[in-house]
């Protein structure tokens with residue numbers, strides 16, 4: 001295997017940071033636990049485990065940094081100290097040369113850069129592991145931002161993914177938990193996730209959808225995508241001018257109403273969630289500016305659309321009813337909602353789940369309503385749900401992470417922000433739209449054309465259903481099992497992170513101590 005040097009380096013980094021002790025000590029094999037104790041002799045680590053894991057991931061490069069960033073959002077799965085530390089991971093790397101950027105743009109455009117751009121800044125304004133951004137001006141005078149994929153990034157990622165596959169294979173051999181979690185399938189899913197990020201055309205489509213959705217809301221601005229100049233490798237968009245939202249004193253000096261700005265951010269988020277079911281899922285301060293231009297004074301400016309979340313009506317109903325039941329302290333209804341969702345095993349007792357929900361939610365009411373964190377409420381519900389083998393939906397985990405970001409930013413702008421008072425009208429409006437005669441008539445109107453087409457086929461469909469019921473097999477059960485299997489796949493991705501580290505350690509030890517002897521015998 002040509003990647004043995006890289007595998008050995010990964011194992012060395014993990015060993016140096018004491019990750020072997022963290023993983024091997026939890027392995028079921030006594031020999032591996034003994035190995036962990038022997039390898040810890042003579043080594044002292046003064047930093048906490050979360051710090052050591054973060055430092056190891058930073059040393060190992062972009063794919064591991066991204067894995068850590070994703071893992072940091074799963075506070076329902078990992079200890080808080082590790083999640084807090086991984087949240088500090090920054091995807092920043094030195095820029096690549098401007099002539100390489102220009103060459104990539106020329107290749108994407110299929111013509112000299114001078115034919116399209118009146119000017120193209122040599123120095124990038126931002127640089128990350130996947131891409132970097134340059135400013136430029138088109139010949140028609142439009143100012144643009146040009147996002148260019150890092151050269152050879154695909155090969156770099158493929159090399160590390162190959163090693164992840166090796167680690168996953170070792171994991172399946174070493175650990176019963178590893179076999180249960182199907183790490184090779186998990187690595188394949190992470191592969192898909194990374195390749196989605198490498199497609200700038202997908203990011204452009206996300207931006208266009210958000211811009212269209214937000215068109216009637218005068219609280220936010222999003223850049224226009226310039227489709228005829230963009231591709232999967234190069235994204236050209238309107239350049240946006242504003243003040244970074246983290247520069248609060250600068251915004252205050254410019255005359256921005258800071259408390260209103262905080263409320264507007266919450267309004268934007270809940271509009272995206274409950275009206276559109278499509279939300280920007282990377283709303284940290286680095287991706288937000290505020291306009292100070294007279295015509296758009298005080299509006300949010302959103303950037304970077306690589307991560308978005310999608311919610312269907314079932315997700316929105318789950319959220320709205322859970323929040324409303326929580327603030328009414330109706331914990332039985334919260335428990336019933338979890339069971340009605342179908343994500344809880346059918347054998348779960350409502351009263352047991354109700355008691356667990358009460359235990360984690362009631363302490364929140366020791367403080368004023370304005371100080372209650374909706375993101376923390378969701379997090380505690382997810383943590384409680386895990387004890388009852390609830391399959392936490394990935395889109396809801398993404399929303400919970402984004403909600404924490406929005407809350408954090410809002411309270412950074414205005415410590416007195418009452419998130420509940422801002423969110424409550426959205427929840428109540430959505431619930432009112434889903435019940436009553438108006439909602440029923442709207443549903444009938446929307447579904448009437450489809451049902452009209454089905455009416456002539458009704459006898460055949462009824463006959464097929466009766467025939468299927470008479471068969472010994474249960475296709476509906478098989479379909480249900482397949483759907484449940486799909487829901488579990490994303491959670492397995494992050495449940496295996498520490499076991500993958502164990503696979504790397506074992507692979508590195510094999511490469512360093514065992515493989516040379518085998519080669520010598522051959």
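Cβ atoms here come from the backbone N, Cα and C positions, even for glycine.
According to Swiss-Prot, the domain 'Protein kinase' annotation covers 119-496.
Taking the Cβ of residue 127 (ATP binding site) as centre and 10 Å as the limit, one finds 17 other Cβ atoms among all the protein chains shown. According to Swiss-Prot, the ATP binding site annotation covers 125, 126, 127, 128, 129, 130, 131, 132, 133, 147.
The active site, proton acceptor annotation in Swiss-Prot covers 282, and the record cites sequence analysis as its basis. The local packing around residue 282 (active site, proton acceptor), expressed as other Cβ atoms within 10 Å of its Cβ over all shown chains, amounts to 19. Following the DSSP three-state reduction, the secondary structure of residue 282 (active site, proton acceptor) is coil.
What Swiss-Prot lists as transmembrane segment is 494-514, and the listing cites sequence analysis.
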- Work through the binding-site residues one by one (125, 131, 133) and point out the residue whose CB has the fewest other CB atoms within 10 angstroms. 125
- Note on the structure: Span of 125, 126, 127, 128, 129, 130, 131, 132, 133, 147 as binders of ATP, largest Cα separation rounded to whole Å, comes out at 14
- Query: When a 10 Å sphere is centred on the Cβ of residue 129 (ATP binding site), how many other Cβ atoms does it contain?
  - Reply: 18
- Query: What mean pLDDT score does the domain 'Protein kinase' (119-496) have in the model?
  - Reply: 81
- The rounded CA-CA distance in Å from residue 129 (ATP binding site) to residue 282 (active site, proton acceptor) is 17
